[in-house]
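Straight from Swiss-Prot, the features:
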BINDING   GLY35, LEU36, SER37, GLY38, SER39, GLY40, LYS41, SER42  ATP binding site
ACT_SITE  SER109  active site, phosphoserine intermediate
Amino acid sequence: MEEKNHIYPIFDRMMTREDKEELLGQHSVMIWFTGLSGSGKSTIAIALERELHKRGLLCRILDGDNIRSGINNNLGFSETDRVENIRRIAEVSKLFLDSGIITIAAFISPNNDIREMAANIIGKDDFLEVFVSTPLEECEKRDVKGLYAKARKGEIQNFTGISAPFEVPEHPALALDTSKLSLEESVNRLLEMVLPKIEKK
């Protein structure tokens, strides 16, 4: 039967996620980093990917640079666009997961509702929320891109942590404060959590 909008489902004829995971020898999960700009999300994500790669595990990192320059290059930073940004990221992440690929996302994703939306799209059993809890003072001190300085001068509106709020996650799978933990320590804690979930026995 023809579905609405002329969409004909073919999912029942496609290779399954389990087939892909068997081929790759891994279980796919979503590792979702949230935290302030400059907290260390992307740095940890890249280091984690390298460690998993060394173990023969296939990963894909999604972050602001590769998403905003591509699939989301038509979105701005209004509240509506921020929600749509995360929705698209979650949908793309779901496709990677269904291909058996361990997916790592590093986005500020500043409130619980937006992260809950992502978890619901991806599937809560697959969604590991990692809160990079580095304090604002430390993030602002680093200010690698000069964004905090611009936000303090009013040159950037609705900047999370300065002129827009960040809601602390209620029940993250893991919290990492990079002002107290080294990169190696952060990655080791992640590996302790992640490896039992992704390695096929």
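In case you wondered, yes, glycine gets a Cβ from its N, Cα and C as well.
Listed in sequence order, PHE33, THR34, GLY35, ASP63, ALA106, PHE107, ILE108, VAL132 are the same-chain residues at least 6 apart in sequence whose CB falls under 8 Å from the CB of LYS41 (ATP binding site). Taking the centre of the Cβ atoms of GLY35, LEU36, SER37, GLY38, SER39, GLY40, LYS41, SER42 as the ATP site, the nearby residues of that chain (Cβ within 8 Å, site residues left out) are PHE33, ALA106, ILE108, VAL132, THR134, CYS139.
Between the alpha carbons (Cα) of SER37 (ATP binding site) and SER109 (active site, phosphoserine intermediate) lies a span of roughly 10 Å. When the binding-site residues LEU36, GLY38, SER39, GLY40, SER42 are ranked by how far their Cα is from the Cα of SER109 (active site, phosphoserine intermediate), LEU36 comes first. There are 23 other Cβ atoms within 10 Å of the Cβ belonging to GLY38 (ATP binding site). Ranked by how many other Cβ atoms sit within 10 Å of their Cβ, the binding-site residues GLY35, GLY40 place GLY40 at the bottom. Annotation for SER42 (ATP binding site): spatial neighbours PHE33, ILE61, ASP63, ALA106, criterion Cβ-Cβ under 8 Å with sequence separation of six or more. The recorded positions examined here are SER37, SER39, SER109; by Cβ neighbour count within 10 Å, the least packed of them is SER37. Sequence-distant contacts of LEU36 (ATP binding site), defined by Cβ-Cβ distance under 8 angstroms and a gap of at least six in the same chain, are ILE108, VAL132, THR134, LEU136, CYS139, THR160, GLY161, PHE166.
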